[in-house]
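Comments concern the structure below.
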Amino acid sequence: MAKQKKQQEEELYAQAAGAIGTLAIAAGVLAAIKDKLGLSWPATLALTAGALVALGYGVWKARTALLRLWGGGKQPSTAVKQEASLAAADGLLEAVPEIPAYTELTEALRTAGAIDKAEVIRADEVTIAPVLTGQRYDFLLPKTRTVQDVQKRLDNVAGYFGVSRLHLALERSRDNERRVQLLKLDAPPFSAAFPAPARREIETFAGVPLGHDVTGQLAGVPTFDKASMLIAGMSQMGKTTLINGLITCLLLAYGEFDLYLLDGKICGLITFEKNCVRYEASDDPAVFENMVDELSARGKGRYQRKQEVKRNRQPDPKFKPVFFIVDEVANFFADDGTTKGKEKAQRIEEKARKLVAMALESGISTIFMTQRPDRDAIPVKVRSQFVYRLCLYVDSTGSAKVALGDSYFETVAPINPTQLNPDIKGQGVLFAGGTSTLIRGFNFSDEFMWEVVDETAARQHQVLEASPETPLKTAIRLMQERELEFIRSAELAPLLGIEESDEGKAGTKLAALLKGVPKSRNSAARGYRLDDLVAAAKSGL
Ligand SMILES: Nc1ncnc2c1ncn2[C@@H]1O[C@H](COP(=O)(O)OP(=O)(O)OP(=O)(O)O)[C@@H](O)[C@H]1O
């Protein structure tokens, strides 16, 4: 350390001596110039400084020329930058070439606050495709932005264009967070009606179509396998029309399935009675409970079958899809205020919850509809089970949340059903797989639906005819031949070859032959209804 300090002191003395020496020489040179030219001291100083600067410039110029000559015009990048910035400072040349901006989108997004004032949407990154009802922009945002920045400001973007939020639809690209697909309609959605789709369109749709989207394309869900749906909307908004359209599409394109309909409005779903394993028109909660029990039993049977094949290391069984569709379901969860009524409502709620939950694995899909999407109308335990949601016009955000889920408005590009035009019937927000789509349900003519219903009924009949002879099938044929709606057990047993004089024992043997078909009772005796036998045969219990 001491050695280092000593060395520093010596360097300081040497530098001081050098400086004194330089000053003495400079003073001597200046004095010589002054003497030679006969100038005053200030003039001598100014002249010497000017001569030195001119000399320095001359040396720099000569060095630059020499470097250019030797380097074949190549310049180090720092030199390019220095020159460019010097030139730019002098206003001699543009430092960076201008990026051509797509003015309309740049202005719209800047004004909406989705991009910064200094940012642009590059024209070479925009494509525009016309659609039937407007145009679809596909573009990339600046590197500092993502599609969420546009999504959050979609109202303002609509404001910039001078249209409503519903004129715009934002789609998210799965390949790039900066890619925006923005649909802009020329007129409010569904201002003009789209014609009902042809059979071929429905049959070739990848999934189950539920309606048209705002561009006139079919829109729906990919499948109802492991899925259930809640449809809500205020009175007269088009739920029944929409579900009639959905059932028609199912009949046309979903292959074989069993249909259970509970028509809480008494005649909204009657068109499809012929195709049902069980059809009821009632607003009585006991009927709902009974259907739920029947389907739960079927679901449990399927679970047991699944267990069995797993235990025996066999492949998973394929179950025929079952649809349980209930119109105006809120009726069935209401109680009359009494303790007994409340207990009954709770029991029904629990059974319905289990059915919807179990349905996902047992191939039983429930579709519930309601015109009362209030907090209490459909218990939260039940409604939280639905995978797909569809909300037609409602008059409050609270109702929209009941229908679409409490966190719906935090999802990607939500559409508020309160903003729909209630005069355009049948339009609704379909929320499926995390995506919202504005659709309008099909409004098929009665003739078209009757045609589909009759065709399906004829096909179902043929399937039944072609199935192997069973006691159930024989019982149906015998009753149809005799034109009986109801048959006593004592009468049916001998027809099916049961020779037993004891009525009780004969009844037990008969029940064993007709596995699972519910018994009925008329005013006189116990027996079986033709409808129940047919339903059992159709569902292949
Ligand atoms: N997609 C549609 N296109 C044209 N008209 C429609 C459409 N959907 C429904 N409508 C018409 O709107 C009216 C109400 O329809 P619908 O009966 O289906 O409504 P809803 O919601 O089931 O009513 P409510 O709950 O009061 O029974 C009907 O006159 C129907 O023809």
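Cβ atoms here come from the backbone N, Cα and C positions, even for glycine.
Keep in mind that TrEMBL annotations are predicted by a computer and have not been checked by a curator.
Feature annotation from TrEMBL assigns transmembrane segment to 12-33 (among others).
According to TrEMBL, the transmembrane segment annotation covers 39-60 (among others).
Annotation comment: TrEMBL describes 211-401 as domain 'FtsK'.
As annotated by TrEMBL, ATP binding site applies to G233, M234, S235, Q236, M237, G238, K239, T240. Within 10 Å of the C-beta of M237 (ATP binding site) there are 24 other C-beta atoms, taking all protein chains into account.
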> Among the binding-site residues listed here, S235, Q236, T240, which has the most company in the form of other Cβ atoms within 10 Å of its Cβ?
Replying inline: T240
>> As a test of the contact definition, list every same-chain residue at least 6 positions from G238 (ATP binding site) whose Cβ is closer than 8 Å to its Cβ.
In response: L392, K425, G426, Q427, G428, G441, N443
